[in-house]
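Engineer: Quick one: this structure, given as structure tokens, is what I'll be asking you about.
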Amino acid sequence: MNISSVTQTNNYSSSRKITLTESYNKIGYKGVIVIVDDSPTNLGVMFELLSNSGFKVLVAQDGYSALQKVNYAQPDLILLDIMMPGIDGFETCRRLKAKESTRDIPVIFLTARTDTLDKVKGFKLGAVDYLTKPVQQEEVRARVNTHLKLGRLQKQLQEQNFQLQQEIKQKQEAEHKYRSIFENATEGIFQVTPEGQFITANPALASILGYQSPEQLINQVTDIGKQLYLAPMRRDDILALIHKEETLSDVESEVYRKDGMVIWISENIRAVRNNFGDLLYYEGTVSDITERKKAEDELRRARTQAELLLLNILPQPVAEQLKKGERTLAESFEDVTVLFADLVDFTKLSTQTSPTELVEILNVIFSEFDQLAEEHGVEKIKTIGDAYMAVAGLPKPCKYHADAIAKMALDMQKLIAQYNAQTNHNFRLRIGINSGPVVAGVIGIKKFSYDLWGDTVNIASRMESQGIPGGIQVTVTTYDKLKDKYLFDKREPFEVKGKGKMTTYLLTGSKVMGNG
């Protein structure tokens, strides 16, 4: 394939009203994608794959030409290699995100590197995803289609929001212009004496308040402060504000309808005075905002439920960051303690027990573990089958993280013993613990997951898998942090996968409380 031929595009005029991408989309392409890679072979493969999938593909072999193509084409998506001559993919991405016209174009990095820190760096720069070379065709199609769909939904939402703002603005202008069209107004319009009796009212106001006509409303409501407002001093409070401001907008109050039902209204009120400054009456408009208030209450409840759900799956500081829109949430922690625990005899039980009963058993045990984690200031990370993972020392650093994990591990063993005594089961819990640096962060687009990475995590997992049923195995690193307060039995060195022979210890109890 002649790569240079695919880089040719029509001349772009700055005077055009629409982008090149919009032009391509109008003639049937599923979207416009720019591929940036210094390898002609890789460009050819990706070009053919995406062209055959219905996309208009533009290519560039370095960061500088990529910036030019993206600037005039305004593509729907960019596939960006990291290792390139000149400016690399990270710098290219940084420049794209720094420019207003290109910052919202999704960027997927192409890389043969699997270093977690590189991925964290890419996400911090604004990338939405990674594709690892050599790429798999179905994975490329799936990720490209997913991010194009998300991008289009975002654009659609922005357009709808702009349209909504325009509609709101037009409505406000129309309401101001036609405020005097009394009889046909959809809002309630009134004039009321300083003492609180209606002078005039339009049909809309009568309808809002449940009266058959404006005349009925005027005749029957002779004291607005006592007969309409739910709060006894509400009208006095409103008048006090009017005396200071002369005009009030969007004053929300609860009022009684004729049938006794309570509704929410929003009032715009101003004081009308004569040439000498004497108060003549108050006038204004009224809107029934009951449905809006109900919607706000429902939204508030839904938001509260969503926040509680988020706190169930993410640490509170991380959940707060996510709520603020800080999507890239990866962070390094220099010193934490990681715990892995596994129910040794659970697999055997699974062959003899129904799935429903197994889930109930795990739910009871893991719920108790969750309670222990909360009591000891430990962060639960996840459960995988009959395994449980937790960490202390993050997301908020803690000096005594190893101590917190040790206490929790001992309590977990006690809890399993109590559970066995109550249920006649014979579960044994195998626990592994290690201390050291980790990287922690949120992964996922729709279903968030907070996870840990690093050698510290891998070794903690080995401590559990190569531990003793009913025991708590710790590394030398963790032992050194705990040896002054806890009791240990030293094990003979044994081979640990990927680490050679390691010396480990079995945590048996606390020197203060005894071995329990």
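Yeah, the Cβs are placed from backbone N, Cα and C, and that goes for glycine too.
Annotations for this protein, taken from TrEMBL, read as follows:
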{"type": "DOMAIN", "residues": "32-148", "note": "domain 'Response regulatory'"}
{"type": "MOD_RES", "residues": "D81", "note": "4-aspartylphosphate"}
{"type": "COILED", "residues": "150-184", "note": "coiled coil"}
{"type": "DOMAIN", "residues": "174-215", "note": "domain 'PAS'"}
{"type": "DOMAIN", "residues": "249-301", "note": "domain 'PAC'"}
{"type": "DOMAIN", "residues": "337-464", "note": "domain 'Guanylate cyclase'"}
Engineer: Indicate whether D81 (4-aspartylphosphate) is helix, strand or coil by DSSP.
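Structural biologist: Reduced to three states, the DSSP call for D81 (4-aspartylphosphate) is strand.
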Engineer: Can you give me the average pLDDT across the domain 'PAC' (249-301), rounded to a whole number?
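Structural biologist: On average, pLDDT over the domain 'PAC' (249-301) sits at 93.
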Engineer: If you draw a 10 Å sphere on the Cβ of the residue listed as '4-aspartylphosphate', how many other Cβ atoms land inside?
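Structural biologist: Result for the residue listed as '4-aspartylphosphate': 27 other Cβ atoms within 10 Å.
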Engineer: Sort the residues of the domain 'Guanylate cyclase' (337-464) into helix, strand and coil with DSSP and give the three counts.
Structural biologist: 59 helix, 39 strand, 30 coil
